[in-house]
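K.L.:
Sending over a structure as structure tokens; questions will come in a sec.
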Amino acid sequence: MAEKRRARDYQQAETERLSRWEKWRRTSSKSLKKALSEVKGLSSYLVLWRRDIRSIEGKFGTGIQSYFSFLRFLVLLNFIIFILMFSFVILPTIIPTFGLFNSTIAYIPPKNDICTIYKPSGNKGLVYFYTYLKDLLSGTGFLEVTSLFYGYYSIDAVWISIMRYNLPLAYLLATFAYLALSFLWIVKRSVEGFKHNLVHDADPFQSYCNKVFAGWDFCITDPNAARLKHRSLQYELQMDLQEEKLKQKIAERRMEEKLRIYSLRIFINIFVIAILSGCFYSIYRVTVFSQENSNDIGNANSQVNLLVQYLPSMVITLANFIAPLIFAFLIKFEEYTPAFEIKLTLLRCVFVRLANIGVLLFSLWSQISDCGSDKCKPCGYNYKLYPCWESDVGQEMYKLMIFDFIVILAVALFADFPRKLLVTHCSCKLVQWFGHKEFEISDNVLEIIYGQTICFIGTFFSPLLPAIATIKYFIIFYVKKIVLIHTRKPAARPIRASSSNFFFLVVLLIGLLLAFVPLGFSIARIPSSKACGPFRNFNTSWEVIPDTILQFPTGLQQFLFGISSEAFAVPFFVILCIIMFYVIALARAHKRVVEQLREQLVLVRSDPTLDSHNKENFRVELIFLGTSCNCNKVWLYQATHMQEMCP
């Protein structure tokens, strides 16, 4: 207390020496910080599903809570992407329809050649209700000629008063913008999760001390909130103890047991590769069959045609359902730790789901670029089967999105709830042996990452797909919440939120990077449709960029072409590599300093020649040294305070 009084007196004396301007500046800074803190506290009540997610965390642990937080992130991400596409692509085409701002549309004049023949299958005359339902599920008919798909935007420019709005350029730049926004947002959240993961994995002993001595939130006053927090800490400690027990068991394995496990793992991985090969080949054959027979005139108005159109989606969904079950069964024999077991299963399953989308797109492009018998000679693509191939790809992505949503609802209604009723009201031994199903984190995460990857790829071909994804995930949140509370039981192996959040985002980042490949290939390599879309006057979608640059002044043209040349790219890449190596070396140096400081703190604690006053001064000096060299303050705080609380 005496030291605090001396510090307060010293601070008051220093304040009296300040000028009026400096006093006003400090007072204003404190007031601003206090106001921002209050605004931040109030804004926390506006967070979507805040109370629901906290309730889930207390009842089922932080692992399941991280899944619902991840689902909330995807809802916000898709909503922002929709706002972006709506503002720069859809809204400029709506404004002239109502004659606002004296606006008009300049449509792209069709050329009189065979490549521009495009007759959408819009419904005319008397139409049955079944036809509307079929169109709603497949994206054909009346939906094909709406703003949902690429083919609707056959507009060269929009004149708003005297300003010319270049829609093809805006369409392409909006695509780049939503991809860049998604990439930066995911990377930002991944880095935050990586920091928490590093602090947690730095020292398991400190992790226990943090939970026991510093895990409680003393701001909690509500009894219900206190119970939720108590359960959350209980699940965290349970997870830590299970992991330590398994690590000890792995360390005590003999050589014969290790050889047996490694041999079994090799055999299981060969079997996994065989399953993946079978899934990929089935999807390829079914996609080719569907594209060749879905436009059969004899089946144009029959249920068979709808079934043929949905064959790729059905086979992909079936593969996504069966393969994870096999992987979850096989992983039990490989004897990994719970955390690594979840990660490996998730990696295998995500490879199946994302690779299935890749195989589907490869099958479509093999049909689009099928130039046998000079099919592609006039237009550069198979114009007879795909007069507007971008809309066809958009329809496939739309069908995958809708079918995935239908399957999630069907599983909840016709599998989870009947199983709950049977287990509750039937005393049969077989039914009781099945019991209540656990909430599998990996399967549920893969469901939404698979759907989000479809959205990343399909937004270019279907600009309204993010809006559909936003509504889909909004409904899925409540469906999964009801299923979790009423039909599932807490996981036998809880999952830590810090590692799962980071890993979910890494898998989502893999899905986004996968989306870059087909989108880049479609924009830069495949000739754009000559019968529809904003790029019908360009050989490829990318050509709108150099065409726009040629309209700039000569100096700006030379600058832009210069920074896109190899003469600029190679030195820029070398400089980036040098900066990256410097940052890595700096991080390693800081890590070594932190380790040395922690060792010195241990020595100070165990040195009997120093009294308590000298020990405290030495710790203050160490903290000052650590902060002056920009070391990790979290580790220093833990190293300083945990030594006092933990023996």
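Including glycine, each Cβ sits where the backbone N, Cα and C put it.
Nobody curates TrEMBL annotations by hand; they come from automatic prediction.
Computed from a predicted structure; not experimentally measured.
Not my notes, these are from TrEMBL:
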{"type": "TRANSMEM", "residues": "73-95", "note": "transmembrane segment"}
{"type": "TRANSMEM", "residues": "169-187", "note": "transmembrane segment"}
{"type": "TRANSMEM", "residues": "262-284", "note": "transmembrane segment"}
{"type": "TRANSMEM", "residues": "310-333", "note": "transmembrane segment"}
{"type": "TRANSMEM", "residues": "345-365", "note": "transmembrane segment"}
{"type": "TRANSMEM", "residues": "502-521", "note": "transmembrane segment"}
{"type": "TRANSMEM", "residues": "568-587", "note": "transmembrane segment"}
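Any idea what these are sitting next to in the structure?
P.N.:
Beyond its flanks by at least six residues, the transmembrane segment (73-95) meets 48, 101, 103, 105, 147, 152-153, 155, 158, 160, 165, 167, 170-171, 173-174, 177-178, 181-182, 185, 189, 448, 452, 455, 459, 463-464, 466-467, 469-470, 473-474, 477 of its own chain at Cβ-Cβ distances under 8 Å.
Within the same chain, residues 312, 315-316, 319, 323, 326-327, 330, 333-334, 348, 351-352, 355-356, 359-360, 362-363 sit at least 6 positions outside the transmembrane segment (262-284) and bring their C-beta atoms closer than 8 Å to a C-beta of that stretch.
Within its own chain, the transmembrane segment (568-587) is flanked in space by residues 562, which lie at least six positions past its ends and keep a Cβ under 8 Å from the stretch.
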K.L.:
Considering pairs 6 or more residues apart, do the transmembrane segment (169-187) and the transmembrane segment (502-521) have at least three CB pairs under 8 Å?
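P.N.:
They do touch: at least three Cβ pairs between the two stretches lie under 8 Å.
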K.L.:
So what's near the transmembrane segment (345-365) in sequence-distant terms, Cβ-Cβ under 8 Å and 6+ beyond its ends?
P.N.:
272, 276, 279-280, 283-284, 287-288, 291, 312, 316, 319-320, 323-324, 327-328, 331, 392-393, 396, 400, 442-443, 445-446, 449-450, 453-454, 457, 503, 507, 510-511, 514, 517-518, 521, 526
